[in-house]
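**Student:** Mind having a look at this structure? Questions to follow.
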Amino acid sequence: MTDANNSDSRFRVNRISSSQLHGAPPIAGSNFGGEVIPEDGTLEINNVMNKMGDGGGSPAEIIPNQFMQPRRSSLAQGLGGGRKKSVTLPKEFDYINELEDQHATVYGKNFAYYTREALPRMDNYKNLASVANASRPTLDELRSEAMYAKKLNAPEEEVVSGAVKFGWIEGVLVRCLLNIWGVMLFLRLSWVVAQAGIGLAIVIICLSATVTTLTALSMSAISTNGLVKGGGIYFMISRTLGPEFGGAVGAIFSFANATAVAMHTVGFAESLNDLLKVLQVKIVDNAQNDIRVVGTIALIVMQAIIIIGTEWESKAQIVLLIILLVAILDFLIGAFIGPLDSDEFTRGYVGFNATVFATNFVPNFRESDGTKHGFFTIFSIFFPAATGITAGANISGDLKDPSDAIPKGTLIAILTTTVSYIVFALLAGAETLRDATGPIMDDLNLTDESAASWEFAQNCSQIGAEKCVWGSHNSFQIMELMSIFGPIIYAGCFAATLSSALACLVSAPKIFQALCNDNLYPGIGIFGKGFRKNNDPFFAYVVAFIIALAFILIAELNAIAPLISNFYMAAYAMVNFCTFHAALVKPLGWRPDFKYYSLYSSFIGFVLCLAIMFLMSWVTALITLGILACLFFGLVYIKPDVNWGSSAQAQNYKTALTTVQSLNNTPEHIKNYRPQILVLSGRPSSRPTLLDLGYLITKNVSILICGHIIQERQSFKVREYLVSKGNNWLVNHKVKGFYSLVDDVDFEEGARCLMQASGIGKLKPNLVLMGYKSDWTSCDLEDLKAYFRVIHDVLDNHLGLCISRVREGFDYSNVIEEESEETVENLTRSDSSMSFSTCDPTPPGTPRIGEINDTFTMVPEGNGDDKKKSKKVKKEPGTEFKGIGGVPLPKSVLNNLSQFRTKQRKSTIDIWWLYDDGGLTMLLPYIIHSRSNFAGCKIRVFALANKQQDLEVEQSALASLLARFRIEYSDLIVITDVMAKAKESTREFFEGLIKDYKKTNDSIDDDEMKIDPLELKAMKEKTNRHLRLRELLLDHSRMANLVVMTLPIPRRNGMSAPLYMAWLECLTKDMPPFLLVRGNQESVLTYYS
């Protein structure tokens, strides 16, 4: 034990040996020595509070419990960020006394043991999609008064994979060198120089290097902007631009790699076939059939090597690189020594010669295999040589550190190979003739004489090039001719072609596997299955093998290369576009470690790739882009359920933000008026018909906000869940709108909050849609008062108001199964909060199921027989709804639920434009009529006459106004007798509505909810007008599909809620779907252009 060094210290603290702690039993939860230690409380040791003695007395010695184990936050999990499973203190654990004053605090060396906070560690940021594995505490847990004792599953230890991982040299540099030093170096470079000349050949090489360098810079920026997994270019593009671009390019690029296997294998077979010709050996015909046989056998052998294991393939690549480097050295030595005998001389290898250099510097394009070549056709044949830059990136999942390996290995490989290609082009152009007859067989003296007089070259120009079988135009074995030892060149050619084929045969399945694992396209998941420790995609191997074999059977290198060039160009264009787009949008997550790129270099690379695609072959370019478009729009249609935080999402946000800001600074104009609706629907699933009506108006026109008001205060989890469910409901029912929730308010205050705070800038509601409160005669008076006040609040905020009524009611919360109800209750109980209740603007009563009026029924147009005849059975509207317990709903209920989604019977939309509210009463039914399901209805307009004697004049004026508004209608009816006395039956109906609310009724304590006789007298004419309107509505509009009428305005402080609701009841009772509309008295229609 160690005594306290200062008598003023509050504790005697012992040093605890690690052996004591190792034997300590685990203590569950957050107990320390059996007691809970508050976050900022006083530390207790051995359950005894160490007390400070008065004066200078020494503190009592407290011996720590040998089984003591300090509380370690299950969230923080120590300095390791939650990766350790056991709670074991480090060796030499002790406490340090701070002696600033008598209130000194004791700390341990492992600070995380004594706080709920988690220290910044890498593990806290892994697997962002999984909240369960996060070791960072939530905000609720940090703010909770009680000790956090929630038991979390201990994070699993990271599994150390036994898979082979490669460094930047073996994994990237070697593979890129082997791919770039491929078939083109040994078999086509001299032919490219012969066709294009030394000058243009160097231009072709530099242009290829420019494209690949710009692409490599872009690829390096993407690969250093976070963790890169398997899939190479597909992974980079899909995670940067999104699944649509990534899936399209990934499919194209994996196919291009599989095709490149065929190109390199055919190059190997061609080279071997030339060797067999020299040896006068043939398999079938020393032509294409031999290439097919050799290529097929080579493909099978390479596939077998890969199946054995990628580590064997990697070892094979090292051996092949050594052979390739020896072959290149053999060529360089031979090129500097010159021809060894007259045979080589007469075959066109003449050594360094200024005349030959000058002749070969200019182009000499000729027809080959029926194709007249030019600069870009030669470029398209050569460019696949440069496509090897992606060899390392394609196996990014097998690299130890892709972010470091890909930039370093790729750029060094590009620099090395570009310089080597230029040197080889200069040597081939300066030392070989384009045409030569070759040696004169069986006569060495004549051969020597021909070499001395250059007759072998002159004869070609005199007799014709078709007789010449040697020279760079006619022979693809120039490098073998120029080498010091020919067989080494063959070995190098074999090594280059086979290594490139091996790399592509590994890359193509790996890319396709990554694409399949993401399940972007349906039915391809099986090909993403991996086997063994290296996750080898055997099924994807089969696909790549079949594609490669199909192109090998073409057996024509010059026919395969241009197709591959276009596919690679398309992929490179998208890589450059990815970096350009990310650098342009600048999302906060775009922070690449690689700094040697720019917005402009990426854009130039993108444009350059597209331009070269069309210059090489516009037909092939259009085919490539067509395939990309089909794959892209296929994914747009499929909408894969992935979220990778792409720059396309960042662009959407930036565009939306810029547009909203611009819109906010744009003055409003009547011609651009759009009804932006706030629907007071509560939970969307409770009143789907009301939302359908609102969406009829806003679809493709403006915004719709679904407002939900909850009286009780809800926890964050409940609110988050309800918002998620609400938005998902809108998406699943194809309603393009937004869900907004407010809690801890009553209906009146909540509605006011939604009116004033919903939306942003100019994108905020200017119209409120609410359901009619059909139970106003039986509901609680406070509810009726709140409903009436909301109507005033809408008008006080100068918003338009729509009140809709359908015969069956809007509230289906007690009819339709709501799967989230139980989840909400569980979340509420888990947070120890009170059960919530919703305050809805329409009555909670159940719709009258099965009520069908003889004169009016909402029935979809058409019958079942018509749907049976259709080849494609379309899902009927409303079938997505299920009753309580999952039981099917009656047909009548389904018809009511889908009444605003189905095709309407041929009838009318009746517009009762009683008062000028700015034109909103005319505009809304016009929008509804433009929808396909109401397009067959005719519009009838009803209006009131000011003077009966001027009826014709008023009718003509109104018709002229509607014509100027360009609103088509079938009938215009002017009502002249609206002021006539209502029938007795109608008056009795009205009296029955208000009798319980008259001031003589003592059962109502609230005078505000009573109808005063003076009020009735003052409103006598208005009341009679509404009763008369009821009679007119029953006479004219009882059979309409929809009735739209101007909403009567309630006077502020001059009208009681029951009287106003009685007016609305008279207008809407026993009527078809009814929409009462009142604008804010500002014009929404204009006849000016």
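Placed from the backbone N, Cα and C atoms, the Cβ positions cover glycine too.
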**Student:** Under TrEMBL, the annotation transmembrane segment belongs to which of these stretches: 170-194, 245-269, 620-644?
**Tutor:** 245-269
**Student:** Near the transmembrane segment (567-585), which residues from the same chain, at least 6 beyond its ends, have a CB less than 8 A from one of its CBs?
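**Tutor:** Same-chain residues near the transmembrane segment (567-585) but 6 or more away: 211-212, 214-215, 217-219, 221-222, 225, 233, 236-237, 240-241, 245, 249, 252-253, 255-256, 259, 383-384, 387, 390, 597-599, 602-603, 605-606, 609-610, 612-613, 616, 624-625, 628, 647-648, 650-651, 654.
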**Student:** Can at least 3 Cβ pairs under 8 A be found between the transmembrane segment (538-561) and the transmembrane segment (409-430), with each pair 6 or more apart in sequence?
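**Tutor:** By the criterion, they do not touch.
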**Student:** Is the number of Cβ-Cβ pairs under 8 Å between the transmembrane segment (291-309) and the transmembrane segment (318-337) three or more, considering only pairs separated by 6 or more positions?
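**Tutor:** When sequence-distant Cβ pairs are counted, the transmembrane segment (318-337) does not touch the transmembrane segment (291-309), since fewer than 3 lie under 8 Å.
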**Student:** Which of 197-224, 375-397, 409-430, 484-506, 597-615 shares the most C-beta pairs under 8 angstroms with the transmembrane segment (245-269)?
**Tutor:** 484-506
**Student:** Most CB pairs under 8 Å with the transmembrane segment (318-337): which of 375-397, 409-430, 484-506, 597-615?
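**Tutor:** Going through each listed stretch, the top one turns out to be 484-506.
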**Student:** With an 8 Å cut-off on Cβ pairs and a sequence gap of 6 or more, do the transmembrane segment (484-506) and the transmembrane segment (375-397) reach 3 or more such pairs?
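**Tutor:** Judged by the Cβ rule, the two regions touch, with the required three close pairs present.
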**Student:** Ranking 197-224, 409-430, 597-615 by the number of C-beta pairs under 8 Å to the transmembrane segment (375-397), which range is first?
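**Tutor:** That would be 197-224.
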